Amino acid sequence: MGVEAKIAPSMLSSDFANLASEAQRMLDCGADWLHMDIMDGHFVPNLTIGAPVIESLRKHTKAYLDCHLMVTNPLDYVEPLGKAGASGFTFHVEVSRDNWGELVQRIKSKGMRPGVSLKPGTPIEEVYPLVEGEYPVEMVLVMTVEPGFGGQKFMPETMDKVRALRKKYPSLDIEVDGGLGPSTIDMAASAGANCIVAGSSVFGAPDSAQVISLMRKRVEEVQKNY
Ligand SMILES: O=C(CO)[C@@H](O)[C@H](O)COP(=O)(O)O
Ligand SMILES: [Fe+2]
(Lines of atoms letter the chains of each structure in order from A; the text may use other names.)
(Lines give C-alpha, C1' and ligand atoms only; values in the text may rest on other atoms or scores of the structure.)
(Ligands and ions follow the chains in the order given, each with its own letter.)
Protein backbone atom coordinates (compact mmCIF):
# COMPACT_ATOMS: atom_id res chain seq x y z
CA MET A 1 0.00 0.00 0.00
CA GLY A 2 1.34 3.40 -0.95
CA VAL A 3 0.62 6.77 0.56
CA GLU A 4 -2.83 7.85 1.69
CA ALA A 5 -5.21 9.78 -0.55
CA LYS A 6 -6.00 13.26 0.70
CA ILE A 7 -8.66 15.25 -1.10
CA ALA A 8 -8.41 18.95 -0.35
CA PRO A 9 -11.09 21.29 -1.72
CA SER A 10 -9.63 24.73 -2.38
CA MET A 11 -11.64 27.20 -0.30
CA LEU A 12 -10.67 29.88 -2.85
CA SER A 13 -13.68 28.69 -4.84
CA SER A 14 -16.03 28.92 -1.87
CA ASP A 15 -18.34 31.74 -0.85
CA PHE A 16 -15.96 33.64 1.45
CA ALA A 17 -18.90 35.35 3.14
CA ASN A 18 -19.97 31.92 4.43
CA LEU A 19 -16.57 30.34 4.93
CA ALA A 20 -17.35 28.27 8.04
CA SER A 21 -20.46 26.67 6.57
CA GLU A 22 -18.73 26.12 3.21
CA ALA A 23 -15.88 24.37 5.05
CA GLN A 24 -18.31 22.15 6.95
CA ARG A 25 -20.15 21.36 3.73
CA MET A 26 -16.89 20.14 2.15
CA LEU A 27 -16.08 17.99 5.18
CA ASP A 28 -19.58 16.52 5.05
CA CYS A 29 -18.94 15.75 1.37
CA GLY A 30 -15.88 13.69 2.33
CA ALA A 31 -12.99 16.16 2.16
CA ASP A 32 -9.87 15.18 4.14
CA TRP A 33 -8.23 18.59 4.21
CA LEU A 34 -9.27 22.18 3.51
CA HIS A 35 -6.85 23.92 1.15
CA MET A 36 -6.33 27.58 2.05
CA ASP A 37 -4.72 29.80 -0.60
CA ILE A 38 -2.83 32.68 0.98
CA MET A 39 -1.69 35.31 -1.55
CA ASP A 40 0.04 38.64 -1.00
CA GLY A 41 -0.61 40.50 -4.28
CA HIS A 42 3.15 40.48 -4.89
CA PHE A 43 4.36 36.91 -5.45
CA VAL A 44 1.14 36.51 -7.43
CA PRO A 45 -1.12 39.23 -8.87
CA ASN A 46 -4.00 38.44 -6.52
CA LEU A 47 -4.81 39.04 -2.89
CA THR A 48 -6.81 36.57 -0.80
CA ILE A 49 -6.75 35.69 2.88
CA GLY A 50 -4.26 35.75 5.73
CA ALA A 51 -3.85 34.69 9.34
CA PRO A 52 -6.96 36.51 10.68
CA VAL A 53 -9.22 34.46 8.41
CA ILE A 54 -7.46 31.22 9.38
CA GLU A 55 -7.94 32.17 13.03
CA SER A 56 -11.66 32.80 12.50
CA LEU A 57 -12.15 29.55 10.61
CA ARG A 58 -10.23 27.59 13.26
CA LYS A 59 -12.89 28.57 15.80
CA HIS A 60 -15.43 26.63 13.72
CA THR A 61 -13.52 23.51 12.70
CA LYS A 62 -10.89 21.03 13.85
CA ALA A 63 -10.09 20.13 10.21
CA TYR A 64 -6.56 20.03 8.77
CA LEU A 65 -5.99 23.46 7.24
CA ASP A 66 -3.58 22.97 4.35
CA CYS A 67 -2.14 26.47 3.82
CA HIS A 68 -0.52 27.27 0.47
CA LEU A 69 1.62 30.38 0.82
CA MET A 70 1.85 32.31 -2.45
CA VAL A 71 3.80 35.11 -0.82
CA THR A 72 7.21 36.71 -1.30
CA ASN A 73 8.22 36.57 2.39
CA PRO A 74 6.92 33.31 3.87
CA LEU A 75 9.02 33.71 7.02
CA ASP A 76 6.83 36.66 8.06
CA TYR A 77 3.78 34.38 8.03
CA VAL A 78 5.09 31.55 10.23
CA GLU A 79 4.37 33.06 13.63
CA PRO A 80 0.91 34.50 12.80
CA LEU A 81 -0.24 31.37 11.01
CA GLY A 82 1.04 29.11 13.78
CA LYS A 83 -0.91 31.15 16.32
CA ALA A 84 -3.98 31.20 14.07
CA GLY A 85 -4.12 27.38 13.99
CA ALA A 86 -2.82 26.48 10.52
CA SER A 87 -1.97 22.77 10.12
CA GLY A 88 0.21 22.64 7.00
CA PHE A 89 2.51 25.46 5.83
CA THR A 90 3.61 25.09 2.20
CA PHE A 91 5.94 27.80 0.92
CA HIS A 92 7.29 28.34 -2.60
CA VAL A 93 10.84 27.29 -3.41
CA GLU A 94 11.21 30.25 -5.81
CA VAL A 95 11.29 32.70 -2.87
CA SER A 96 13.04 30.51 -0.31
CA ARG A 97 16.25 29.46 -2.01
CA ASP A 98 18.42 31.16 0.61
CA ASN A 99 16.57 30.43 3.84
CA TRP A 100 14.56 27.23 3.56
CA GLY A 101 16.42 25.51 6.42
CA GLU A 102 15.47 28.25 8.86
CA LEU A 103 11.96 28.40 7.43
CA VAL A 104 11.36 24.65 7.89
CA GLN A 105 12.69 24.73 11.46
CA ARG A 106 10.46 27.68 12.37
CA ILE A 107 7.38 26.06 10.78
CA LYS A 108 7.96 22.88 12.78
CA SER A 109 8.60 24.79 16.00
CA LYS A 110 5.14 26.34 15.63
CA GLY A 111 3.56 22.89 15.31
CA MET A 112 2.86 23.04 11.57
CA ARG A 113 3.77 20.55 8.86
CA PRO A 114 6.26 21.97 6.34
CA GLY A 115 5.77 21.62 2.60
CA VAL A 116 7.41 23.13 -0.46
CA SER A 117 5.73 24.12 -3.70
CA LEU A 118 7.04 24.86 -7.16
CA LYS A 119 5.64 26.72 -10.15
CA PRO A 120 5.20 24.98 -13.53
CA GLY A 121 8.43 26.49 -14.89
CA THR A 122 10.64 25.55 -11.93
CA PRO A 123 12.72 22.38 -12.40
CA ILE A 124 11.93 19.53 -10.00
CA GLU A 125 15.62 19.17 -9.05
CA GLU A 126 15.25 22.39 -7.04
CA VAL A 127 13.19 20.67 -4.37
CA TYR A 128 15.34 17.55 -3.92
CA PRO A 129 17.63 19.17 -1.33
CA LEU A 130 14.57 20.21 0.68
CA VAL A 131 13.24 16.65 0.77
CA GLU A 132 16.59 15.11 1.61
CA GLY A 133 18.22 17.81 3.73
CA GLU A 134 18.81 18.15 7.44
CA TYR A 135 15.43 19.86 7.86
CA PRO A 136 13.21 17.97 5.44
CA VAL A 137 9.85 19.12 4.17
CA GLU A 138 7.05 16.56 4.51
CA MET A 139 5.17 17.35 1.31
CA VAL A 140 5.92 18.64 -2.19
CA LEU A 141 3.17 20.60 -3.93
CA VAL A 142 3.58 20.51 -7.70
CA MET A 143 1.64 23.41 -9.23
CA THR A 144 -0.31 22.24 -12.25
CA VAL A 145 -1.28 25.81 -13.24
CA GLU A 146 0.48 29.15 -12.78
CA PRO A 147 -0.30 30.16 -9.18
CA GLY A 148 -2.64 33.06 -8.54
CA PHE A 149 -6.15 32.13 -9.59
CA GLY A 150 -8.66 29.30 -9.44
CA GLY A 151 -10.42 27.95 -12.51
CA GLN A 152 -7.40 27.61 -14.83
CA LYS A 153 -6.59 24.79 -17.22
CA PHE A 154 -4.53 21.83 -15.95
CA MET A 155 -1.02 21.64 -17.49
CA PRO A 156 -0.30 17.96 -18.33
CA GLU A 157 3.40 18.64 -18.89
CA THR A 158 3.81 19.10 -15.11
CA MET A 159 3.17 15.38 -14.65
CA ASP A 160 6.81 14.57 -15.52
CA LYS A 161 7.73 16.24 -12.24
CA VAL A 162 5.21 14.19 -10.27
CA ARG A 163 6.50 10.97 -11.88
CA ALA A 164 10.11 11.85 -11.09
CA LEU A 165 9.24 12.64 -7.46
CA ARG A 166 7.21 9.46 -6.94
CA LYS A 167 9.98 7.32 -8.40
CA LYS A 168 12.56 8.89 -6.10
CA TYR A 169 10.38 9.11 -2.95
CA PRO A 170 7.79 6.29 -2.73
CA SER A 171 6.40 7.43 0.64
CA LEU A 172 6.40 11.20 0.17
CA ASP A 173 3.16 13.19 0.17
CA ILE A 174 2.91 14.67 -3.33
CA GLU A 175 0.21 17.27 -3.82
CA VAL A 176 -1.09 18.67 -7.10
CA ASP A 177 -2.99 21.92 -7.40
CA GLY A 178 -4.76 23.58 -10.29
CA GLY A 179 -7.31 22.38 -12.82
CA LEU A 180 -7.90 19.04 -11.09
CA GLY A 181 -11.27 17.35 -11.48
CA PRO A 182 -12.91 14.27 -13.00
CA SER A 183 -11.31 14.87 -16.43
CA THR A 184 -7.73 15.31 -15.17
CA ILE A 185 -7.53 13.16 -12.04
CA ASP A 186 -6.37 10.07 -13.98
CA MET A 187 -3.26 11.86 -15.24
CA ALA A 188 -2.37 13.08 -11.74
CA ALA A 189 -3.16 9.85 -9.93
CA SER A 190 -1.30 7.64 -12.40
CA ALA A 191 1.75 9.91 -12.21
CA GLY A 192 1.77 9.27 -8.44
CA ALA A 193 0.10 12.27 -6.80
CA ASN A 194 -1.79 11.40 -3.61
CA CYS A 195 -2.92 14.80 -2.28
CA ILE A 196 -5.39 16.41 -4.64
CA VAL A 197 -6.42 20.06 -4.44
CA ALA A 198 -9.56 20.96 -6.37
CA GLY A 199 -11.51 24.19 -6.29
CA SER A 200 -13.81 24.93 -9.20
CA SER A 201 -14.48 21.28 -10.10
CA VAL A 202 -15.71 20.52 -6.57
CA PHE A 203 -17.54 23.75 -5.75
CA GLY A 204 -18.99 24.03 -9.25
CA ALA A 205 -20.38 20.50 -9.33
CA PRO A 206 -24.04 19.74 -8.62
CA ASP A 207 -22.82 16.88 -6.42
CA SER A 208 -19.53 17.82 -4.71
CA ALA A 209 -19.45 14.55 -2.73
CA GLN A 210 -19.47 12.53 -5.94
CA VAL A 211 -16.49 14.46 -7.36
CA ILE A 212 -14.52 14.03 -4.13
CA SER A 213 -15.28 10.33 -3.99
CA LEU A 214 -14.33 9.78 -7.65
CA MET A 215 -10.97 11.49 -7.15
CA ARG A 216 -10.27 9.51 -3.98
CA LYS A 217 -11.07 6.25 -5.77
CA ARG A 218 -8.63 7.02 -8.60
CA VAL A 219 -5.80 7.83 -6.19
CA GLU A 220 -6.47 4.73 -4.09
CA GLU A 221 -6.53 2.47 -7.18
CA VAL A 222 -3.06 3.62 -8.14
CA GLN A 223 -1.62 3.71 -4.64
CA LYS A 224 -2.70 0.17 -3.74
CA ASN A 225 -0.32 -1.11 -6.43
CA TYR A 226 2.73 0.54 -4.92
O1 LIG B 1 -3.26 27.70 -5.60
C2 LIG B 1 -4.19 27.79 -6.35
C3 LIG B 1 -4.22 28.84 -7.39
O4 LIG B 1 -3.09 29.59 -7.30
C5 LIG B 1 -5.25 26.78 -6.25
O6 LIG B 1 -5.35 26.21 -4.98
C7 LIG B 1 -6.58 27.03 -6.91
O8 LIG B 1 -7.49 27.63 -6.02
C9 LIG B 1 -7.17 25.75 -7.41
O10 LIG B 1 -8.36 26.01 -8.05
P11 LIG B 1 -8.89 25.15 -9.30
O12 LIG B 1 -7.85 25.24 -10.37
O13 LIG B 1 -9.05 23.75 -8.80
O14 LIG B 1 -10.17 25.82 -9.65
FE1 LIG C 1 -3.34 26.37 -3.86
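Every residue gets a Cβ built from N, Cα and C, even glycine.
Curation plays no part in TrEMBL annotations; they are all automatic predictions.
Summarising the annotation, TrEMBL assigns substrate binding site to SER10, HIS68, GLY148, PHE149, GLY150, GLY151, GLY179, GLY199, SER200. A sphere of 10 angstroms centred on the C-beta of SER10 (substrate binding site) encloses 24 other C-beta atoms. DSSP assigns SER10 (substrate binding site) to a strand segment in the three-state reduction.
Secondary structure at ASP177 (divalent metal cation binding site), as computed by DSSP, is strand. Other Cβ atoms within 10 Å of the Cβ of ASP177 (divalent metal cation binding site), summed over all protein chains shown, number 27. TrEMBL lists HIS35, ASP37, HIS68, ASP177 with the feature divalent metal cation binding site.
Sequence annotations record features per position, and here TrEMBL assigns active site, proton acceptor to ASP37. Note: ASP37 (divalent metal cation binding site) has non-local neighbours SER10, MET11, LEU12, THR48, ILE49, HIS68, MET70, GLY150, i.e. same-chain residues 6+ apart with C-beta under 8 A of its own C-beta.
Here TrEMBL flags ASP177 as active site, proton donor.
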Statement: Between the C-alpha atoms of ASP177 (divalent metal cation binding site) and GLY148 (substrate binding site), the distance in angstrom, to the nearest integer, is 11
Around the Cβ of HIS35 (divalent metal cation binding site), the count of other Cβ atoms that are within 10 Å: 29
Statement: Simplified DSSP label at ASP37 (divalent metal cation binding site) comes out strand
Message: In whole Å, how far does the CA atom of HIS35 (divalent metal cation binding site) lie from that of GLY179 (substrate binding site)?
response: 14
Task: With substrate as the bound species and SER10, HIS68, GLY148, PHE149, GLY150, GLY151, GLY179, GLY199, SER200 as its recorded binding residues, calculate the greatest Cα-Cα distance and give it in Å as a whole number.
output: 17
Statement: Cβ neighbour count (10 Å, all chains) around GLY148 (substrate binding site) is 18
